[in-house]
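What follows is a single structure, written as structure tokens, with notes after it.
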Amino acid sequence: MGFSLTDEQRALRDSVREFAQERIRPRAIELDRNGTYPEDILAELGERRLTGLTIPETYGGRGEGPVELAVVTEELAAALMPVASAVALHLGVAEVIERFGTEAQRERFLPEMATFDTVGALGLSEADAGSDKLRMETTAEREGDVWTLDGHKQWVTNFLDADEVLTYAKTGPDADAPHNVTAFLVPAERFEIEEVWETTGARPVKAVRVRLDDVSVPDDRRVGAVGEGYVNRGDLTTGVNVPARGVGIARAALDDTAAYVSDREQFDQRIGDFQGVRWGVAKMARRVDSARLLTLRAADRAARGDATDRAFPAAKIDATEAAVENANDAMQFHGGVGYTTEHHVERYLRDARLLTLAGGPNELHKDSLADTVLDGADEE
Ligand SMILES: Cc1cc2nc3c(=O)[nH]c(=O)nc-3n(C[C@H](O)[C@H](O)[C@H](O)COP(=O)(O)OP(=O)(O)OC[C@H]3O[C@@H](n4cnc5c(N)ncnc54)[C@H](O)[C@@H]3O)c2cc1C
């Protein structure tokens, strides 16, 4: 059993950390305050092909796996979580094309996705299809080689910069569920924007509600077998980005707190010397360690092709709760200035809050985890 990253993984982590801390973090407060899209940052990540991190080298990517994705996502999220979201959702679209698409689709889309010249976004959720995605209203009907899509998608993160939206639509009756949903790559320009949400956090990369009215999509834009789109999602490994984003925020909150309480003095001593603060910092460190270990365990199992039925929900719940709790503690230990936009910690709390409810609310993951225990499907 190994608990260490390889030399290559450490080198990758260190180079992304340097970029994130030098190029993203100094601008994070301003980008968040103004809700400005970090276009140049994402373009630079494209030049470094971090936007092609898990895309195979044959198609111009870096050919890395879920562990490297977790490591890179933690670094990006520690600097500015929405940057990690945009990259991770894009890589999730690429994974679907790579795993379930045709060779022609891989050759057509993946090289430009690797450099972020083609940007992918996920169109799965809808107003009435939140936790229960099979309630989606969007339909696709086939006539010859052309599908006609009707409906809407809600919360499409990074839609405003996207070129291709991986869009899920019902292609069969509810009686066939879950084998009644098919995935399509729909050009972003074919959607009509209905709402650009103002959100509590994740402000620089917007989530959008969009409509599809009689949109024709050729069959060569269908990704995977008819009716298997929803089921195929259960096999994806890029989902580990969600807990990894939690680890990033939890760690950033700890680092900022350690620096602040080591410097700030009250009652003639550093506040970091009060036992209440020391024990709080220790608790924050334990949360980071357990969140990271669980996330890397899930990523490692996915990389080996092992089941993640238990490892993934455990990581998702633990790491996203760690992010919220550490951000909350960080604000407490920063006192009044932590409640201002002069420091990063108030943003950590707002950004962290998304992670326990998106990517499937934690309650759903608790049910999945309980299933693995009560059904006796312990993985180790
Ligand atoms: C900013 C943002 C960005 C997003 N980006 C994307 C994206 O890019 N693409 C995409 O397709 N989707 C995206 N989503 C959608 C996200 O995945 C959904 O919000 C999420 O799946 C939950 O759906 P819902 O919001 O409709 O909540 P609901 O399903 O209405 O649930 C509301 C609450 O009910 C409770 N609940 C629900 N089900 C259960 C259960 N089984 N047991 C116990 N309690 C339960 C939970 O407390 C939950 O938080 C995004 C959401 C947000 C807010």
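Keep in mind that glycine also has a Cβ here, set from the backbone N, Cα and C atoms.
Unlike curated records, TrEMBL annotations are generated automatically.
As recorded in TrEMBL, the features of this protein are as follows:
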- 6-115: domain 'Acyl-CoA dehydrogenase/oxidase N-terminal' (DOMAIN)
- 121-215: domain 'Acyl-CoA oxidase/dehydrogenase middle' (DOMAIN)
- 243-373: domain 'Acyl-CoA dehydrogenase/oxidase C-terminal' (DOMAIN)
For the domain 'Acyl-CoA oxidase/dehydrogenase middle' (121-215), residues assigned helix / strand / coil by DSSP: 12 helix, 48 strand, 35 coil
Per-region confidence, the domain 'Acyl-CoA oxidase/dehydrogenase middle' (121-215) (mean pLDDT, whole number): 97
The domain 'Acyl-CoA dehydrogenase/oxidase C-terminal' (243-373), counted residue by residue under DSSP: helix, strand, coil: 106 helix, 4 strand, 21 coil
